[in-house]
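According to Swiss-Prot, the features are:
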| type | residues | note |
| --- | --- | --- |
| MOD_RES | Ser5 | phosphoserine |
| MOD_RES | Ser10 | phosphoserine |
| REGION | 34-77 | region '2 X 5 AA repeats of [RC]-C-L-C-D' |
| REPEAT | 34-38 | repeat '1' |
| MOD_RES | Ser64 | phosphoserine |
| REPEAT | 73-77 | repeat '2' |
| MOD_RES | Ser86 | phosphoserine |
| MOD_RES | Ser122 | phosphoserine |
| MOD_RES | Ser123 | phosphoserine |
| MOD_RES | Ser151 | phosphoserine |
| MOD_RES | Ser167 | phosphoserine |
| MOD_RES | Ser189 | phosphoserine |
| MOD_RES | Ser194 | phosphoserine |
| REGION | 209-250 | region 'C-X-P repeat region' |
Amino acid sequence: MAALSCLLDSVRRDIKKVDRELRQLRCIDEFSTRCLCDLYMHPYCCCDLHPYPYCLCYSKRSRSCGLCDLYPCCLCDVKLYCLRPSLRSLERKAIRAIEDEKRELAKLRRTTNRILASSCCSSNILGSVNVCGFEPDQVKVRVKDGKVCVSAERENRYDCLGSKKYSYMNICKEFSLPPCVDEKDVTYSYGLGSCVKIESPCYPCTSPCNPCNPCSPCNPCNPCNPCNPCSPCSPCSPCNPCDPCNPCYPCGSRFSCRKMIL
């Protein structure tokens with residue numbers, strides 16, 4: 001459990017790091033698509049549209065064209081194209097970086113969902129379903145006949161040339177409940193990362209009742225097995241109310257029984 005908790009904490013830290021990088025990339029993308037002269041110089045400087053006769057990048061560098069502080073080789077005074085990289089290439093790089101970060105974030109979320117699903121045997125989480133792209137009011141959970149069904153449906157409407165077009169998107173996941181979980185005790189929650197968690201207040205049974213497992217609500221002992229791991233049900237153990245001896249052996253050790261038979 002300690003190793004699993006450490007792994008989940010590491011995945012959460014990675015997801016937060018990716019979210020921060022995505023926000024930084026969005027800021028860079030907004031900065032790169034906007035000209036600081038309040039004109040869209042895309043993809044070139046377009047000095048003919050500048051309100052000044054020339055770009056004045058060298059005389060008023062800090063006021064008229066703030067980009068020249070980053071690219072000092074601007075040749076706007078002679079009405080040539082700027083030697084800085086094209087904003088289109090910067091946009092393409094930013095878009096590729098954003099797509100890579102989104103794929104990495106989706107991969108981390110899938111890994112987290114798999115870890116949560118695999119940890120169901122050691123926690124009260126029975127299952128986890130990813131419903132990314134759906135609102136909480138569009139998700140429905142139904143528990144019936146020992147099964148949990150998670151479904152979600154969304155309607156998209158498009159206006160095209162005066163006509164309306166519709167498209168539908170839906171998912172449906174179903175899994176069975178453990179034998180010791182009551183349907184009335186099953187609850188669900190819409191958590192972080194568009195993930196629906198199915199939970200129960202009682203832990204699922206992981207192993208059958210045996211003398212080495214003490215009594216618990218989900219693991220009741222057999223009448224022949226005492227509620228003590230050190231006292232298994234066998235003819236060799238001493239007499240006590242929870243562990244009666246075999247009629248062939250009196251209350252004592254095996255030596256006394258063998259002596260009586262001889």
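Note that Cβ sites are derived from N, Cα and C of the backbone, with glycine treated the same way.
Around Ser167 (phosphoserine), the same-chain residues at least 6 positions away in sequence with a Cβ under 8 Å from its Cβ are Glu155, Asn156, Tyr158. Ranking the modified residues Ser5, Ser10, Ser151 by the distance of their Cα atoms from the Cα of Ser194 (phosphoserine) places Ser151 first.
For Ser10 (phosphoserine), applying a Cβ distance below 8 Å and a minimum sequence separation of six or more within one chain yields no residues. The two recorded residues Ser5 (phosphoserine) and Ser189 (phosphoserine) have their Cα atoms spaced 20 Å from each other. The most densely surrounded of the modified residues Ser189, Ser194, judged by C-beta neighbours within 10 angstroms, is Ser194. Looking at Ser151 (phosphoserine) and Ser189 (phosphoserine), their Cα atoms lie 14 Å from each other.
In the three-state DSSP scheme, Ser194 (phosphoserine) falls into the coil class.
In the three-state DSSP assignment, the secondary structure recorded for Ser5 (phosphoserine) is helix.
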